[in-house]
Structures are given as structure tokens and as C-alpha cells.
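Asker: So TrEMBL lists the following for this protein:
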SIGNAL    1-23  signal peptide
TRANSMEM  299-323  transmembrane segment
REGION    349-399  region 'Disordered'
COMPBIAS  366-376  compositional bias 'Low complexity'
TRANSMEM  436-456  transmembrane segment
TRANSMEM  490-508  transmembrane segment
TRANSMEM  536-557  transmembrane segment
TRANSMEM  563-582  transmembrane segment
TRANSMEM  594-613  transmembrane segment
TRANSMEM  619-641  transmembrane segment
TRANSMEM  679-698  transmembrane segment
TRANSMEM  704-725  transmembrane segment
TRANSMEM  737-757  transmembrane segment
TRANSMEM  788-807  transmembrane segment
Amino acid sequence: AGSAAPAPGALLCTLLWAAAAAAGDGSGGSPAPAAFGRVYRGAVNISAERVYAFAYRSEPGQVDAVRVYVNSSSENLRYPVLFVVRQQKGVLSWQVPLIFRGLYQRTYNYQEVSRTLCPSEPTPETRPSDQIIFVDVASMAPFNIAYELLVTRLENFQLETNKAFNFTASPSQPQYFLYKFPQDVHSVIINVVSDAAYPCSVVSVQDIVCPVYDLDHNVEFNGVYQSMTKQAAITVQRKDFPGEQFFVVFVIKPEDYACGGSVPSSIHRNANRTWNLQRTKNLQVTIVPSIKKSVYVQAMFFSFLGFLSFYLGSVVVAFVHYISTDMKLTFPLGSVSIAGSGIMTSSHPISASTPEGSSYGAIDESSSSGGRQMSSPELRPPAGSDTDSSVEEESDFDTMPEIESDKNIIRTKVFLYLSDLSRKDRRIVSKKYKIYFWNIITIAVFYALPVIQLVITYQTVVNVTGNQDICYYNFLCAHPLGVLSAFNNILSNVGHMMLGFLFLLIVLRRDILHRRAMEMKDIYTMDYGIPKHFGLFYAMGIALMMEGVLSACYHVCPNYSNFQFDTSFMYMIAGLCMLKLYQTRHPDINASAYSAYASFAVVICLAVLGVVFGKNDMWFWVLFSIIHVLASLALSTQIYYMGRFKMGKCYLGIFRRAVMVLYTDCIQQCSRPMYMDRMVLLIVGNLVNWSFAIFGLVYRPRDFASYILGIFICNLLLYLAFYIIMKLRSSEKLLPIPMFCIVSTAVVWAAALYFFFQNLSSWEETPAESREKNRPCILLGFFDDHDVWHFLSAAALFFSFLVLLTLDDDLDTVRRDKIPVF
């Protein structure tokens, strides 16, 4: 060894001569026989490498797996030790120190590495076969680098059905095992659990192909995979693996960011490089058979037959009404009763029982009925001409006669009756409400088609890439069918579609019977009961059906970016119910379909903005809270003054009017507002809405779509409770059918909300954290808690619609100038 460095050409010749001269001792490329289970220690450098040969005998039909453990004390990243394992049909290589890369150019170096070699395929021969493995150890270092080598044969490489297996893994020591489908099993669920959430890990299912991708940087290259903290579950079908067997691979990630964890504290001391970070994780894997095909059939029968029973119940109720009422037409007495249609007219006045002193300042009978545009039978068109007259086209002007068209006088009276707010021509108002039905069909088509296309793309991406972190399923109860990963979550939405269609049939029956009653008896001048306009009811039925369609689309691949699909028509359902409840006693001044749907569009736009900006941006919550409070005040003012509140021709007029209102109602009449009932409702409603605004501003919930939905539902429940209380306060009755529907609605909603709050997954968290909430099926071994929520919520919405449809059937024999407005 001289002091001068040799020339590169001379050094290369020397190395080649040394490699050719070495023999018999495992150096210089000549393999040395080695034994399994024995630790080999040595040193390598640029001029000396080691080759070990491991031979073993494989029994017929047996899969043998070999695991190689290596260790080197060197921390020199410039000259790592290279390990190359040669098998009969493949080569596996790695270096020590083994380097993993994380976020922000961080590196994690490990000096201990353990890898499982791709097992040899079982031979069809009846006699044992000999196998040989070569392990080459080399380094380009000009100095010696020590190492250790241990090669062992795995005894528990094949997993068994319904038998738990415990093991440990780390980033540099991944594990994988083999599973073979039993003869009578077509689908299995791989359940993996751990007591510790971190370190973050990945569970992968790969076909029997070499090489096996079992490192952090390549585990996502093949098969199906999930990130995991404490729990993971993957459903595997036999048809997806022609060889009827697969590998289950377990990889520990060098960092926890993929699972929602933070950077380990030890990294902060050396931001760029970390050595031998202790990230060992204890895991338990159990493979259990999944459900059989017969369970799919039972679940489908259960779903359809369960909701078909609602059809049967509706037929029975209609038949009972037909027998008890429709056969009792008493024309000689001048009365016509149409059961189930909400129509009962009489040729003689029928007084309503109202509390003494509750005159509500109503005008007399002649003035209340004389305000019709066509009060004379001679001037009235035939009943069958509703849909043919051009007069029915919606217009922006009122059709009340000019002599009684001063709405400011009529609608701002202290006490109002229904006759004061049902003065427009019935045909024009009915035509106006039918626009709700046709518009929502158009909206549904244009909204649903892109949604269906998008979720099909989502499902295709999941199936092609194998990345099961894209969709937030309940993986412990996700039953695939065809290309769908969770068919049970889609099937459970059939109730919304079936009950929505049933509600349409019920409304259609009422509509037909109502038209038939008009043909049999002249009721234009009879002014009894709530005016019958069915357009909003038809729109509610379509909305319920579309909620089922879009909820099914969302559950094709539920995630953060498409949750608004599941809630958009819920906003519309809540809004339509409030409009219908208001329209019942305010038929002339309800919102038009165009303004109502435009308002829903604004709400959905705000929901999308909330999904994008609502997580961390304070400015959005400030802006939304201001809009929420101002909208509540504006709507309250319009409701309080029955739509007669004028803003003025300039912004100054708004403030002038506000000052006048405060002076009139709060200073001059501080002891009692002009409209006490409305004032109580609006004060409570504003307090509720302001509370929501403050809550959102303070806590900024991540699930913004559900936050808006909660605002809608609370306002609907508040208004419905107010309506029922005022109805009972006015000495009106609740008939048996609406009473049954109210009780059923309350009971079913209570049960549905219990299952809704079970939280089987959450896209507010990482996919791995969401899987910690997964639970097994609870119904027929096929449906989970959220599926039960789908079933019960569909029934609850159906009963809620029936409440609105039948709530005022008791008023069919009461004159409209005796029905109070509230």
C-alpha cells in the first residue's frame, strides 16, 4: 500500500484479478454452501464480495417461503452494502442502509432489513424437488464494511380461514402471507386490527406474481390497498384471482401523515435525516368468509317487499274510505263527500266552532265571497277547461277586481281569515303551483345526469387503481356486486324512490277526486276548506324520489367532494315542505316557483363554497353568518307584513321604513305587537337562526353541507310545531289519519336519527381514521346502521309528507271566512 493512489486502469485490473483468484470460501463470486437459521457475519469492500448458496427440498403441493434478514453497522450512505438474492425465476435486491423518503425531503435510514422472498410455485410433480437460493453481498466501499446475514424458512406463511394470526412489521421489515380460497368459499373479508393507531400502515392484496411489492414506495403499484391505523377490512372475491389465491401484504409507512398523524418529535432534531426510527407495529389478521349469494337475494326481497307493504296499506285505507264514504253520496241533502280527497262541500252554511271573541276582524260573507273574479255561474268556464284557457298562464299581476284589489288594506288587517288570502282565480293559482312540478323535473334531469356520470368515473378509478382510500365505505359491511363496491348502501335507497312514487299516486288520487267533485257539484262559490293546489305536493314526491337516486349515487363512492349530491335535494325537500305549509293558509301570496328554485340554487352554491372554503377560512364564515342573519331578518319582515313590506326606491327608503316599523311596533305598541302570533313565531325563529350563525362562526364545522341541512330542518320543525299549536289553539281538530301520521312521523324520525348518528365513517377525517369507526352488519348480515337510516328516513319523510297532505282535512266543511290565518 503506497502513499500514491494507483491509476484507475491499474486498479480495475487488480480488482478483476482478485475476483478471479478467490475461490471456495464464498468470496470472489464462488458460492459457499450455507444453512438456514444460521447467522453469517463478514465484511465486504470493493475488492471482496460474498456469495451464499442455500439449498432446500420442496415437498409436492407445498408453498415454501424464505425470509432474509440482513444488518450492517455502517452509516455511510455513499457506500451502502448491496444485497442481491437470486432465485429460480426472479431477482430481489436492496441496500443497507435502506432509505425511505418522506415529505419535505426528509429521509429515514434503516440498518436492519428483513424481506420475504417470492415463494416458489408448487410443482405438479409427485416427488420432492430441490430448490437453491444465492445471496450476493457486495459494496463499492474502498474499506471493509461489516454485515450480518440470516436466512430462515417460514413455517406460518399460509393464512387459514377463521384463524387469527399475530405478527409484527416495520418500515424496513414488511410482511406478506399467502391465502388460498377453500372450495366452498367465493368471497372473504380480510380483517386487520392493531391496538395502536400509529405507525401508519398499508394493507395490500396482490395476485400471485413476482416480484411482490412490499415497500412504501411501490406497495401501491399492484393490487388493492388501504391505509390503516387501528382497523382495516378488504373484501376479496374469488373471481378476481384466477389462481384462487393471493398475497396479503403489510407495509409500515415511514411517516404518519397519510393516516392523519403528526411528524415524530425525533425528526425535529435532524430535519433532513433520521436513523433507525422505531416504528414497529403489532398486527392481527383474520380472514373470514363473506356472505353467500342467497343473502343478496334475501336482502333484495326484504327491501322491495318491505316498501311494497306501504302500497298495500295505502290500498287498504283507500278501499275502507271508498266503502265508508264514497258510497254515501247524498245529493238530496245537498252535500257531496269525497273521502280521501279532502273535499266536502255543502249547499248550506256550516258554522265553525271558534273561540268567543276570536272574530279576527273578518269581513262579512258577501264581501269575502264577492271578491272572486268570476262569481257568477253564467260567467264561469266549464270545469274541464282548466288546462286549455290562456287566462291560466302565470302573470305578474293580480286578477282581483280593482274595486277590492287594495291588498295593503286587506293583508295588513290585525286579524285575517283564509278568505282574505284566497281571492285570486283558482285556475291561475293552480297553474302557478304546477310550475313547481315541471321545474323540479327539469332540475332533476339536468342535475342527475352529470352526477351519475361522475360517480361511474369514481367507481372506475377505484376498480382500476385499487386505491380504496378514495371512497369512505363501511368496509366491515360493504358487499360488492358487479362493478359496485358497496351494493348494500345503494340498495337501501330504494325506499325513497318507491315511497316517493307512492306519494305521487296518493296525490294524483286526491287530485282526480277533487276534479271529479268539481264536475259533480259547483264549488266555485262555496268557499269551503283549504284551497286545493297539488303542484307543490307533486314536486315533493319528485324530490323524494330524486333524493333516493342521488343518495344512491353518492354511496357509489362516498367522499368529501361529492357529499353535496346526498344533500342537495334534502334542501329542496325541506324548502318545499315549508313553502307548502305556508301556502296552505296563504295561497295568494306564496313564492313563485322561479324565485323558490332560485333561492335553492343560492343555497346549493353556498354549500359548494362551504365545502371548498369552510374548513379553515374565517372570512367565509363571517360572510355566511352575515348573509344568514340578513336573510332571516328580510324573510321575517316579509312574513310579518304578508308580503306588503316595501323597500322604497332607494337604499335610504329601506332605513326610513325600518325606523317607522320600529317606532310603530316597538315604541307605540310596546306592550302588544300588531300581529302577536306572527311576532312570537318570528322572534323564536330568528333566535334559532342567529344561534346557528353564532355556532358556525365560533366552531366552523367541517361538514358544512350537514350544517346547512340542520338549519333547514330546524326551521321546518319550528314552523310545523307553530302551525299545529295554532291550529289546536283555534279549536280546529286533528282527524285520526293525520294524528296517526304525526305520531308515526315522530316515532320513525326518532329511530332514524338514532341510526344516523352512529357514524360508521367520516370523510372529515383521513381514510385510515374513518375506518376505525367501521362496524359489522346488523340487519340480515347485509345492511349496516346507515342502511337502516336510509330505510327509516324514507318512511319518516313519507309520513311527514302525509302529515302536510292530511293535516287540514278537518276544515273541508268550514267556510274560508271562518278559517284563521297564522
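Cβ coordinates are placed from backbone N, Cα and C, and glycine is handled just like the others.
Unlike curated records, TrEMBL annotations are generated automatically.
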Asker: Can you name the far-off residues of the same chain, 6+ from the ends of the transmembrane segment (594-613), with a Cβ under 8 Å from a Cβ of it?
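Answerer: Contacts of the transmembrane segment (594-613) (Cβ under 8 Å, skipping residues fewer than 6 from its ends): 435-436, 439-440, 443, 560-561, 563-564, 567-568, 571-572, 575-576, 579, 620, 624, 627, 704-705, 707-708.
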Asker: Are there residues at least 6 beyond the ends of the transmembrane segment (436-456) whose Cβ is under 8 Å from a Cβ of it, and what are they?
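Answerer: Sequence-distant neighbours of the transmembrane segment (436-456): 535-536, 538-539, 542-543, 546, 549-550, 553-554, 556-557, 562, 565, 568-569, 572, 576, 593-594, 596-597.
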Asker: Out of 299-323, 536-557, 679-698, 788-807, what stretch is closest in contact terms to the transmembrane segment (490-508), meaning most Cβ pairs under 8 angstroms?
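Answerer: The listed stretch sharing the most Cβ pairs with the transmembrane segment (490-508) is 536-557.
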Asker: Pairs of Cβ atoms less than 8 Å apart decide it: which stretch in 563-582, 679-698, 704-725 has the most with the transmembrane segment (788-807)?
Answerer: 563-582
Asker: Using Cβ atoms and a strict cutoff of less than 8 Å, what residues sit near the transmembrane segment (679-698) while being 6 or more residues removed from its termini?
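Answerer: For the transmembrane segment (679-698), the nonlocal Cβ contacts are 621-622, 624-625, 628-629, 632-633, 636, 639-640, 665, 673, 707, 710-711, 714-715, 718-719, 722.
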Asker: So if I exclude everything within five residues of the ends of the transmembrane segment (619-641), which remaining residues of that chain have a CB under 8 angstroms from its CBs? That is, six or more out.
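Answerer: That would be 411-412, 582, 606, 609-610, 613, 661, 675, 678-679, 682, 685-686, 689-690, 692-694, 696-697, 700, 711.
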Asker: Could you tell me what the rest of the chain brings near the transmembrane segment (299-323), counting residues at least six beyond its ends with Cβ under 8 Å?
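Answerer: The answer is 339-340, 488, 491-492, 494-495, 498-499, 502, 505-506, 509, 737, 780, 782-783, 791, 794-795, 798.
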